[in-house]
């Protein structure tokens, strides 16, 4: 069949453009391949993140790319329409995972785990409108770190913020700000502003748009579309423009209305504790308590946070412009209970690093710089200057591989020396091990340093050591 | 909604088993989660494989988990029925990838790449009958290494076999054997045995069953189901029982019938060259030219190979029993051309490591041994012996994190020292940094070695160095 199809395609191609129009050579909408160069950058970002997660003692787990459809049902609110379903081919109904949090909760409930600190780096799937230049894809990586378990308040929550701070500092993406709020403060605020209980979630999702829309538009959505009273909306408007640090928390704890609300008081008390811990970590400079932060997902129950990169507009340091969220997370104490047959809860707090956006930025930075990215780690090219030395090259490269040296050779019987040297230039291989008649007689190999063109004869028995020494320096 | 569902589930649970029967807490059939311990073993296997691929100068790429359905169409013969399709939710028709070879060929054609050596490690999907205890899943990893490009014969092919040899030696799974054959030799053999051209592929797939079925059964399938003449089947029977090394190749090159067939002659000539290169690599001891090796997939065009683990039956070294394939691959010179609008070919040869089976074996080995697998890399636990030192622990752990030390602490205000030490025992953390009133006054930290219970006071400014020194030894 394969041969027949190939023949047919060939025939069609000869007929002109007809064949082409029949078969589209592309990846699915909203997805992409990663080239070796992109992979090299991706690995660099992953390494920084994984190193941080491991520094904080996290274990790692993995879950399947699809879940039973019912596992995802009722977890994402309106966004459920973005879930990819698999075709019913007989058997179970399956969906591609939408995030790593719900599979994590399912994993905890299924294995009756009440206590774990884990990270999980994997692809998730959303049938969203892709905006690939801004790093928004239908298939994209999430890098999640979560702490599950019943602990003393705000200690794991503070660690999650420390982790965001460490990763964004390490990656050197420019100045950033981590906004923090608490679902309980939001709910308390809605209550004292006169929002009916039934409208909490929908008003919350309006507030969530404040980073993209001006207050006036959000207000008219609340009043116009969602039927909130103008007075309640205006009271919300007073609160959501507030942001600050410990001083603001103290101020709100004195607020005559908020301080009377049980939920808000709890949230503000915990927020104060959180800021004390963050002060001990020395990171409050980048943290901002922001009453307009709401976060879309339904399952948050306590602290929520979001990190954004801030850009100075030109040189006038007038106002910093947010270029979008690069990390987010929060506390979700109810999600595991949704999976437990007896509803037993496992409190969780976690953070998700927005790797695709970070990756886009890193890629642009590399593109803009003169840096040449190597896509292999090859230490030495085994080459020859004369003909008929294929067997000798094979023998030598085999010795080097067996000694753990990263080595390549051209797959030609009689390659030209110039081509071999050019290959090193192109791919960044630092050394060339050249075998020739004379070297073989003398029991040596000519080792050439590509950068300096320096050449030395090295005794064959010393070659491995010599290559190791010369490549460990860089 | 989330809260409501949780409430409902809770209510149902109180009613008894009803709630349970409604919601099944499991992963989809044929899939599994990886626990931290399994991940630790998996990482170990991956590392060995990736190190080998990099030693051979491979770049790495990644492709989406799904492809356009038509990309996979017509590549897998009968096995196409095992492809997972996505539900048509509007837009393109998509399928989960079935292997990494077809996406690789699509990637080469799409990007007009005629020359690359790459590896790709990712999950693939087959709606097959799972046999999970034997490492057969519906979602499983493939680890592929491929060399694409027009090169002198058999040099890349020999390197693929060297790679299999290196990886299986490195992983110490026990004795192994790499069977080698060539599609051209098979086709030539079929021709001289009197198999009609139209029956080549179907007879080939019968031969492929010889590792699981005795010759008699395969013969009756050929004659009974597939309508081959008994004479032709018997002639095939003569050939497929042959296996050996260079001597067998020489013998077949003299075979009066085979030597007259152009394809077989080409294949045998290349096989001889391959064995010469494998001799230079010093690995012929584990390589066997085996005329019964056929490999299922349609797209192979030249050399094919498969590695199996061999087990000595008890102590009598009578006959070695194959416990199944752990690697396989071959040459597929036509596949990329199927994607190119003009049918331009890019010759390819590659190997796929059967990681799930290897992983199952490794897991059993670890289970059987007394080895305790660590699931974190934490170097030190920050602890206190007295109450009210949470702030001091937070300050110290923050210093350690910032210095790159992998550190944990218990998320308790006032944990008991015994619990903190027990946590180290349980998780394998080698050191404890203990802060106490006296230590704080003296500007020191008490460093305890968990294994020996040795305790030393270390000056706070020297703590990072001391931890690094003590943990780099192991």
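Backbone N, Cα and C atoms are what each Cβ position is placed from, and that goes for glycine too.
Pulled from TrEMBL:
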type	residues	note
DOMAIN	B:30-362	domain 'Aminoacyl-transfer RNA synthetases class-II family profile'
BINDING	B:99, B:100, B:101, B:126, B:142, B:146, B:295, B:299, B:300	L-histidine binding site
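Here the binding-site residues are B:101, B:142, and the one ringed by the most other CB atoms within 10 angstroms is B:101.
A 10 Å cutoff on Cβ-Cβ distances gives residue B:99 (L-histidine binding site) a total of 18 other Cβ atoms nearby, all chains included.
Within 10 Å of the C-beta atom of residue B:300 (L-histidine binding site) sit 25 other C-beta atoms, taking all shown protein chains into account.
Looking at the residues that bind L-histidine per the record, B:99, B:100, B:101, B:126, B:142, B:146, B:295, B:299, B:300, the two CA atoms farthest apart are separated by 21 Å. The Cβ of residue B:295 (L-histidine binding site) has 22 neighbouring Cβ atoms from other residues within 10 Å, across all protein chains displayed. According to DSSP, residue B:99 (L-histidine binding site) is assigned to coil rather than to any helix or strand. Summarising model confidence by region, the domain 'Aminoacyl-transfer RNA synthetases class-II family profile' (B:30-362) averages a pLDDT of 92. Residue B:142 (L-histidine binding site) falls within a strand when secondary structure is assigned with DSSP.
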